[in-house]
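Input: a single structure, listed below in structure tokens.
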Amino acid sequence: MTNRDIVWHEASITKEEYQQKNKHKSSILWLTGLSGSGKSTIANAAARELFEQGYQVIVLDGDNIRHGLNRDLGFSDEDRKENIRRIGEVAKLFVQQGTIVITAFISPFREDRQQVRELVEAGEFNEVYIKCDLDICEQRDPKGLYKKARNGEIPFFTGIDSPYEEPEAPELVLDSGQHDREACKNQLIEFVKQKLS
């Protein structure tokens, strides 16, 4: 059996029907940035507030995904690409169900983020750059990962010995190095209300 033998089954409920019932558009809000920039914190705080306001929302967090779906992947460039490919496909399924998907992944490579953008319709992928200087992320170091990377205990660590390619034209920039996480969360929620309501 090959992929040519597998047939895509159309859903009985369309994306538009879900969106009409939810009273908002579906979208991927792809939070990208260095470890320690605040992606997960901002994503979860925004999701909580949006949920309380009646939005259908889910957070897909990089660490959590690596405990399950992507636990077989390491941190080589190839594994990082596969990590993002898989989560892009999962996010697409949620978009088809009328959900706002907030992802929190370092996703260091522009090409990988672009491939996720191409999975969904125009306007359904919104790149959100959580901007924060490396030195601030290292000072925060909530998981102790930068210290381990500097000591050679973690190879291929983004920002230390593996590159992070900043977004060139993100739909939104949240500067978590200059603004507290509450302000960043509020900016993200305002973006959702303006773009998806």
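The backbone N, Cα and C atoms fix where each Cβ goes, and this holds for glycine too.
Database features, via Swiss-Prot:
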- GLY33, LEU34, SER35, GLY36, SER37, GLY38, LYS39, SER40: ATP binding site (BINDING)
- SER107: active site, phosphoserine intermediate (ACT_SITE)
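For the residue listed as 'active site, phosphoserine intermediate', the count of additional Cβ atoms within 10 Å of its Cβ stands at 27 [all protein chains shown]. Sequence-distant contacts of GLY36 (ATP binding site), defined as residues of its own chain at least six apart whose C-beta falls under 8 angstroms from its C-beta, comprise CYS132, ILE136, CYS137, GLU138, ARG140, ASP141, PRO142, LYS143, LEU145, TYR146. Ranking the binding-site residues SER35, SER37 by other CB atoms within 10 A of the CB puts SER35 at the bottom.
Under a cutoff of 8 A between CB atoms, and with a sequence separation of 6+ in the same chain, the neighbours of SER40 (ATP binding site) are VAL59, ASP61, GLY62, ASP63, ALA104. In sequence order, ILE106, ILE130, CYS132, LEU134, CYS137, THR158, GLY159, TYR164 constitute the residues six or more apart from LEU34 (ATP binding site) in its chain with CB-CB distances below 8 Å.
Just so you know, the Cβ of GLY33 (ATP binding site) picks up 29 other Cβ atoms within 10 Å once every protein chain is counted. When the binding-site residues GLY33, SER37, GLY38, LYS39 are compared by Cα distance to SER107 (active site, phosphoserine intermediate), the shortest distance belongs to GLY33. The Cβ of GLY38 (ATP binding site) lies under 8 Å from the Cβ of ILE130, CYS132, LEU174, SER176, ARG181, CYS184, each of these being in the same chain and 6 or more residues away along the sequence.
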